Amino acid sequence: MENFWQACSAQLEQELTPQQYSAWIKPLTPLDYEDGTLRIAAPNRFKLDWVKTQFASRITSIAAQFWEVPVEVQFVLDPRLVAARRPAAQASVVSDRADDVPSNVLEPIPSNATDHTPRRDQSRINTALTFDSFVTGKANQLARAAAIQVANNPGSSYNPLFLYGGVGLGKTHLIHAIGNQVLADNPNVKIRYIHAEQYVRDVVTAYQRKGFDDFKRYYHSLDLLLIDDIQFFGGKSRTQEEFFYAFEALIAAKKQIIITSDTYPKEITGMDDRLISRFDSGLTVAVEPPELEMRVAILLKKAVQEGVTFSDDVAFFVAKHLRSNVRELEGALRKILAYSRFHGKDITIEVVKDALKDLLSVQNRQISVENIQKTVADFFNIKVADMYSKKRPANIARPRQIAMYLAKELTQKSLPEIGELFGGRDHTTVLHAVRKIAADRGKSPECNHELHVLEQTLKG
């Protein structure tokens, strides 16, 4: 039995991500194998249900290969834990497990990420935000790999590097991590981290003081420029012009530029086409919301930092219902702790439901692209299948464009993701639809009314 489990675990460790293996396979315990039946114990109901649906077939296949006979795999709750369900025992078990959570499962909230003190002689890099402290999972592994490559070869790999995604997903952490590594490798490099709003203010100040020569001299002399939330440049033509000059100067000198945004470059409203084409000349990488395993690890580790312990059941309950970003998880944890302490109650699923009832009700109403497609199809009396088809008559094409527009406005999906959900269409098709419907809405009261009705229907 021991030999089988070692072989099975080794195989699964190769096939899964470290987060998946640590969260789902490592906690399992093989109980016995008799008459072609293999019994495996899970530490709680959440892990039991998830492993049965996600990994049962693979474990069954490995077992059949090992014993060379058909094998039935049964998953059960760990008998030892079932027999010892006292709260004190639970706290001890969770505390022990929390120590096994990797130390990099939390994304610290930078204390100076939006500090706008005008001190240009400092890099403004947050030393707490490093690659070691970064949360790693499937959602951000490509962005992290690109960031490490840039940190190791600034100015020669992926220039510019453009990271985009929703708030609280780790973009700011990654660009600070790059800055920290570059500084560690060469303390003499000239680095500047700046939020886009502060850059705009610097442009305004230079204009008021007639100091554009000093402004250009400073920004053009940097070795590494880190611009956060560049979508704030939208509609600000003078700021974009100055940034274009800085961009050209730095790229020509083989200096590194790293940019973050909450949206895909071509989706940034009011951005000069020249800049968008420059952004596209480097590497553009999406940072996605964290997957379930990462969210659980974040909650457990953060709870330990707060001096409390979560049962696995509670952590999985919260992680399954809150899916958007790390900051949302941290905010939810603070609400749970405050509610628990105020009412003098232990943290249970029922307490979590009470503490987060407003947040959970919003999550339960979360809008999906599939729901948008069905609602729009019903509204215009067409088939849902028409949303994915290649048909192009006006009575189908326009509802499809409206559905794409609503998907962009009401969900966190990127343009490529929306295109994939509309029959594998290219992201440029989605972008055209979004811009067209947005323009029509501004000009046509009838279009605006239709969209308003659809939005209210979807939001309930």
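Indices start at 1 and increase along the chain as displayed.
Just so you know, glycine gets a Cβ as well, placed from its N, Cα and C.
Feature annotations, reproduced from Swiss-Prot:
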- GLY168, GLY170, LYS171, THR172: ATP binding site (BINDING)
- 1-78: region 'Domain I, interacts with DnaA modulators' (REGION)
- 78-123: region 'Domain II' (REGION)
- 124-340: region 'Domain III, AAA+ region' (REGION)
- 341-460: region 'Domain IV, binds dsDNA' (REGION)
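Between the listed binding-site residues, namely GLY168, GLY170, the fewest other CB atoms within 10 angstroms of a CB are found at GLY168. THR172 (ATP binding site) is surrounded by 24 other CB atoms, counting those within 10 A of its CB over all protein chains shown.
Cβ neighbour count for LYS171 (ATP binding site) (all protein chains, 10 Å cutoff from its Cβ): 25. In the three-state DSSP reading, GLY168 (ATP binding site) counts as coil. Averaged across the region 'Domain II' (78-123), pLDDT for the predicted model comes to 40.
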